[in-house]
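Per TrEMBL, these features apply:
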- 9-84: domain 'Lipoyl-binding' (DOMAIN)
- 113-150: domain 'Peripheral subunit-binding (PSBD)' (DOMAIN)
- 161-203: region 'Disordered' (REGION)
- 177-188: compositional bias 'Low complexity' (COMPBIAS)
Amino acid sequence: CCTSCCGPVVQFKLSDIGEGIMEVTVKEWYVKEGDKVSQFDSICEVQSDKASVTITSRYDGVIKKLYYDVDATALVGKPLVDIETESKEDVVETPAMAREEHTHQEIKGHKTQATPAVRRLAIENNIKLSEVVGTGKDGRILKEDIMNFLAKQTGAILPPAPVQEIQTPGPSPPSAAAPAGRPTSPSTLVKAPPPRTTPVFTGKDVTEPVKGFHKAMVKTMTAALKIPHFGYCDEVDLSRLVALRTELKPIAESRGVKLSYMPFFIKVRSKSMCSRGSPWWQASHNIGLAMDTSQGLLVPNVKNVQLLSVFEIAQELNRLQALGTAGQLGTAHLSGGTFTLSNIGSIGGTYAKPVILPPEVAIGALGKIQVLPRFGAGNQVVRAHIMNVSWSADHRVIDGATMCRFSNLWREYLENPAAMVLDLK
């Protein structure tokens, strides 16, 4: 249509999303060029080194241009998209962005056809798609076409070597018992085995930039290196807790909540807080759970555990795990932690050496629960559910005796869960 019937094109810039963040990674586009959008419609999802954020539109109009590809780094204050608004004002011309990428070159008046994965493979190997003959439908370039082209560039498979004739040595000289005048057997011609085809290796190392939550983890672990860690390990007999959880699990499931052992561990951690004035006394018990997600290691925390029941903690853990699986954990879920527990035993292992997350001063790692023989009453060997726990404390503020007393109280509550009921508030 003509210019007079179109609204102005505005550059929608990436706003400041707080926390001093200056750049983000574009994880997913919810729109494409030509799509109509309204105010508050989702445009894309970006990820900083602290959280994932959904960017929404401030205008009604049509998407005219996307400035970034998926996984590209976008800068705060720079254009994110161009939107042609529905206003009848003069059109605001936006300069076209020069593109020298060879992935969009034309062949005989038509653009090359290839999936984003194939284009990325071509870029990583410095291959121009215009030089590759596509064998897919309508000339589409496939991954196999790129690999075959790369093999030709790096060297073809060696041709088979010519068949050689090898003469075997003649028989050994006749012994004294053999007739002296008997002729020896002629040498035998034997064909060599077929040559082995040497494959051509076309793989290439790829350097991935550290960004998003991984970048935040690098900063946190670098800061943790400055902390003098004091380690303390112990074993806990969870036999009574296993029986209690077995009894309560169907009740929790009838209320729509999955009950694991972690809510008990978290609540007991809160009950085992030392008295006021100790190095790690805090009014709010925001206990974090190290969570293995598709985005990497994240540590959301359950707020104010001292005010929650075991069932309420289980509800909150179910919610945080669902958000972690969906990649929707935000800054509010990941900040404000006062202590962290790592349930590494759910994957495997018995002992660990957990690393403190600054500014916290202690962390615990829980090993897997094993059924092992132990001596019971009357020195009889019994089956026991044993879990190993590994603590790390900042030795500048927590001494070994304090760590040991805390661990003893934590273990006593778990080994005798009925005693915890007496102290619940």
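Even glycines carry a Cβ here, placed using N, Cα and C.
Remember, TrEMBL labels are computer predictions, not curated facts.
Just so it is clear, the model here is predicted, and its values are computed rather than measured.
Over the domain 'Peripheral subunit-binding (PSBD)' (113-150) the predicted model carries a mean pLDDT of 78. Counting residue by residue with DSSP, the domain 'Peripheral subunit-binding (PSBD)' (113-150) contains 23 helix, 2 strand, 13 coil. Residue counts of the domain 'Lipoyl-binding' (9-84) by helix, strand and coil are 0 helix, 40 strand, 36 coil (DSSP-based).
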